[in-house]
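Q: The following block contains the structure, expressed as structure tokens.
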């Protein structure tokens with residue numbers, strides 16, 4: 001039986017981020033809808049051709065999205081929130097953009113749909129909204145149009161469709177509460193119609209994505225799979241597709257389904273292939289996701305060959321990417337500045353397609369020449385194991401020497417708080433900001449000129465110093481109590497630290513989509529991490545010299561740096577996090593020596609690092625908390641440690657939030673009207689809290705009365721003596737005029753509350 005290969009999806013944005021540029025040009029009114037549609041058409045044609053040329057047997061169609069593939073599915077099903085609908089009920093690309101962004105070149109602006117993380121990745125999807133009794137109909141034929149495009153170009157294709165149960169699982173009920181699973185029978189006819197249309201076009205296989213099957217689903221959701229797939233069977237062959245984790249716990253549900261094939265993620269999952277092979281119906285096709293779609297490392301194809309060869313001829317087999325290649329940059333050949341040795345360890349999306357082709361050929365015809373080709377390809381990643389760039393004996397020794405004392409502050413919080421009160425003598429309702437101030441065109445230009453060699457180090461430092469001086473003066477004028485230096489020198493909160501730590505490398509063009517038109521370029525962790533010299537001390541010390549008020553030192557925490565980078569695969573995430581923590585522990589010590597008495601360690605990614613299955617949460621939370629404490633615990637008792645977190649759900653991890661033992665935690669609460677504080681109240685959270693009093697994602701300036709009302713609400717839940725006053729998040733994306741006004745109102749609200757207490 002001949003093995004075929006396929007990818008589950010391909011990056012959409014284009015090698016030069018053409019899609020991003022076309023979207024933003026269209027949104028700004030600088031190009032027409034037809035010009036935007038043409039860019040999409042060109043990108044799809046190019047990506048199909050590139051995959052085919054790299055040796056992919058079946059190219060995916062339906063993985064392209066103008067904003068997000070879950071949003072595309074919503075439109076396919078005619079699921080458009082009332083506030084985003086066209087007057088005549090039609091659906092067009094502007095409908096899609098109104099749901100994603102809240103506005104488009106046509107139609108009335110309305111609040112955008114909610115956005116959240118796609119499983120445990122750094123990609124975000126638009127959350128479908130459901131209401132009781134809503135109607136569904138085939139409303140957006142993008143998938144069928146793209147299938148026609150690909151067939152006209154002569155490609156062998158496999159359409160991709162987000163499965164009905166995962167789609168419902170990912171959505172939220174709006175308005176009156178009801179069980180959204182009850183909508184299953186209403187959406188299935190649309191799926192049937194789409195599959196019938198694909199069958200008419202001669203399509204043999206459809207990839208139907210049900211990643212919810214890797215989760216611990218409630219029984220009623222698992223029970224829904226059988227009738228759902230009973231309704232969908234018969235028109236085309238269905239490849240039930242899972243990714244991001246194992247499926248063993250749901251295997252009984254899966255193997256009873258009327259589908260013709262199953263895709264499993266063999267990279268992130270830990271399913272025993274022999275057991276899986278034995279447990280599945282004999283006639284099923286088994287697709288094995290062996291090439292990691294979420295990282296940038298070259299595969300050891302020789303190892304995969306040895307692992308997979310026993311399965312050859314046991315059943316129909318396909319080889320695929322573990323998940324969509326959406327999460328990987330496009331082409332390693334674009335990287336001209338990477339060191340040759342390091343570059344030889346990497347594979348981006350196009351290289352991963354070539355890996356699939358090479359491995360498939362070897363398994364189909366395992367002759368000496370093919371095996372030698374596999375060995376030659378795998379040699380660099382094998383040589384990496386002993387590279388001096390990867391291993392640092394000092395880091396490994398230091399890690400091994402960590403004791404339980406290294407992760408605990410000297411005194412408990414109550415005693416520390418007393419010494420800190422004496423040192424800082426802050427008023428009631430102390431005011432501060434989260435860290436960054438507006439990143440003006442001037443600041444960005446300064447950094448770019450320095451990076452590209454147009455500005456020498458001395459002039460760059462002079463320029464940054466001026467911006468820090470301005471930030472301190474602004475805060476003094478506003479009357480804030482604890483100041484920040486404004487982070488003018490930082491491009492990105494993770495990239496900045498990665499650039500100053502050994503063990504990281506950076507790409508020129510390693511862009512991946514985060515959401516909509518937003519792309520990120522994650523650093524790559526290639527080896528043991530250490531800090532060759534102080535990173536933030538010079539700027540913090542300078543800022544502190546300009547004022548009598550305390551200035552916070554600002555660090556990005558170890559878990560966030562790990563989660564927002566491409567990690568190495570040869571050691572555990574725990575090991576990487578603790579190496580970063582040790583490097584930043586030295587930074588805490590140096591900041592203290594420089595006279596900085598308040599140090600903030602941001603951990604916005606702590607919650608998003610959670611494994612998909614609750615059974616694995618405790619182990620993760622244990623080492624994530626330990627990494628934070630290892631970073632912070634070197635601080636003296638009178639040094640106040642702050643942390644900042646921005647997400648909407650604390651209930652299920654309150655124990656761990658408290659275990660961080662930060663003296664002050666600042667959180668994002670304004671959009672939830674302080675409801676988030678319920679978690680802290682119910683838990684009787686013992687330390688100090690700064691609930692965000694205004695939403696920095698909006699240019700709207702909150703009134704003094706509005707902020708005051710929010711603070712009063714907060715004081716009903718948390719004793720006023722433990723409350724701080726601050727915005728939700730950093731102010732880097734805002735302009736100075738609204739920043740000044742909002743902070744002035746915030747300070748005034750705090751002053752009014754203080755006066756009441758006198």
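First residue shown is number 1, and so on along the chain.
Each residue, glycine too, has its Cβ placed from N, Cα and C.
Keep in mind it's a predicted model, so treat the numbers as computed, not measured.
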Q: Do you know which of 474, 476, 608 Swiss-Prot groups with 17, 18, 19, 20, 117, 518, 519, 564 in the 5-methyltetrahydropteroyltri-L-glutamate site?
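A: According to Swiss-Prot, the candidate sharing the 5-methyltetrahydropteroyltri-L-glutamate site with 17, 18, 19, 20, 117, 518, 519, 564 is 608.
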Q: Which of these, 331, 586, 590, 602, does Swiss-Prot list as part of the L-methionine site with 434, 435, 436, 487?
A: 602
Q: Out of 668, 705, 755, which is the one Swiss-Prot records at the Zn(2+) site of 644, 646, 729?
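A: It is 668, as the record lists it for that site.
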Q: Nearest to residue 434 (L-homocysteine binding site) in three-dimensional space, by Cα, is which of the binding-site residues 519, 608, 646, 729?
A: 729
Q: Compare the C-alpha of residue 117 (5-methyltetrahydropteroyltri-L-glutamate binding site) with the C-alpha of each of the binding-site residues 436, 487, 646, and give the closest one.
A: 646
Q: Need this for a regression test: binding-site residues 19, 519, 608, 646, 668, 729, filtered to those with Cα within 10 Å of residue 436 (L-homocysteine binding site). What's left?
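A: Qualifying among 19, 519, 608, 646, 668, 729: 729.
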Q: Pick from 17, 117, 644: which of these binding-site residues has the biggest number of other Cβ atoms within 10 Å of its Cβ?
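A: Most Cβ neighbours within 10 Å: 644.
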Q: Across all the protein chains here, work out how many other Cβ atoms are within 10 Å of the Cβ of residue 436 (L-homocysteine binding site).
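A: A 10 Å sphere around the Cβ of residue 436 (L-homocysteine binding site) contains 22 other Cβ atoms.
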Q: So which binding-site residues are near residue 644 (Zn(2+) binding site), with CA atoms within 10 Å, out of 17, 487, 519, 602, 608?
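A: Correct set: 602.
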Q: Between the Cα atoms of residue 487 (L-homocysteine binding site) and residue 608 (5-methyltetrahydropteroyltri-L-glutamate binding site), what distance do you get, rounded to the nearest Å?
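A: Taking the Cα atoms only, residue 487 (L-homocysteine binding site) lies 24 Å from residue 608 (5-methyltetrahydropteroyltri-L-glutamate binding site).
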Q: Would you find the one among the binding-site residues 434, 519, 646 whose Cβ has the most company, meaning other Cβ atoms within 10 Å?
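A: Answer returned by the neighbour count: 434.
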Q: Counting other Cβ atoms within 10 Å of each Cβ, which of the binding-site residues 487, 608, 668 scores lowest?
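A: So among 487, 608, 668, the binding-site residues given, the one with the fewest Cβ atoms within 10 Å is 608.
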Q: Given the binding-site residues 435, 602, 646, 668, find the one whose Cα is closest in space to the Cα of residue 19 (5-methyltetrahydropteroyltri-L-glutamate binding site).
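A: Comparing Cα positions, the closest of these binding-site residues turns out to be 646.
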